[in-house]
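According to TrEMBL, the domain 'PPIase FKBP-type' annotation covers 44-131, 155-243. Positions annotated as domain 'EF-hand' by TrEMBL: 254-289, 299-334. Annotation comment: TrEMBL describes 311-338 as region 'Disordered'.
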Amino acid sequence: GKDIPGQASLVFDVVLLDLHNPKDGITIENQHVPESCERRSQTGDFLRYHYNGTLLDGTLFDSSYSRNRTYDTYVGKGYVIAGMDEGLLGVCTGERRRIIIPPHLGYGEEGRGKIPGSAVLVFDIHVVDFHNPSDSVSITVNYKPSNCTVLSKKGDYLKYHYNASLLDGTLLDSTHSLGKTYNIVLGSGQVVVGMDMGLQDMCVGERRTVVIPPHLGYGEDGVEGEVPGSAVLVFDIELLELVSGLPEGYMFVWNGEVSPNLFEEIDQNHDGEVLLEEFSEYIQAQVDSGKGKLAPGFDFEKIVKNMFTNQDRDGNGKVTAEEFKLKDQEAKEEHDEL
């Protein structure tokens, strides 16, 4: 035509951007595999990982590091491009690998955003952690005292030290740095479900490592500025003190025989009615003398007010002899009625 004369010799200066064969699969290059790899990712796991995405000539098109947060996804389920879905299987926590993906397992002939059509993609990934939605809490006992007969149970008041970190070792929190223990009533919802599970059946002096998956920890949202979303948590725990709780459903128990004239003893002015102040003073006196015991770890005033409210059946702020019943009496009446 007009641009190329007849019988002309042509000169092309060519830069090869990439090449692939439609029969190609992904290519995996392991850059770092941790020495300790107790488990490798499999279909259905939920991964958190960082990545740099480039073309074969090194052109950067995306990076999770620039957003300062991991990319989180299920693997083997079709939530990411086919090549990445395959390349994220069989990884260890902390592993770094390069995944080279041909276009038919990536973004195809059309491309996407900064990715040109028919481009070969290179992802350098770093696996931060992964878990499976069916995972439970993992407990490893690091030290158990020889005298280990009293074990923690629901309702016990516990004092313990902990170091909290992510699976990659990033420290999140530590009671040691605060110089004081963390104190809870076990099974009362004062900590995440996974920690309630991890503190069960411990004896004083025991040390253990508790690994908590996010669905038993802080979930998809995490804690802003403190715990990333969907993070697996690692707690190194040492139990320092245990105060036995009360039987489930009880906030106060007697250490001896109950007086047959209990209502009369509480009703100090003998007017046939007990007010909250009278009730509170009486319970405090029983605890101080060792005749009664309150559930440890709870606020005294809240417990007593709750006990009083349970007795004040008509809600008028006064308890009469007809209203007043002990817990075992209530249980017996319910049983008889059934």
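Glycine is treated like the rest: Cβ placed from N, Cα and C.
Since the structure is predicted, the reported quantities are computational estimates derived from the model, not experimental observations.
Summed and averaged per residue, pLDDT over the domain 'PPIase FKBP-type' (44-131) gives 95.
Through the fold, the domain 'EF-hand' (254-289) approaches residues 300-301, 304-305, 307-308, 311, 317-321, 324, 326 of its own chain, all at least 6 residues removed from its boundaries and within a Cβ separation under 8 Å. In terms of DSSP secondary structure, the domain 'PPIase FKBP-type' (44-131) contains 12 helix, 37 strand, 39 coil.
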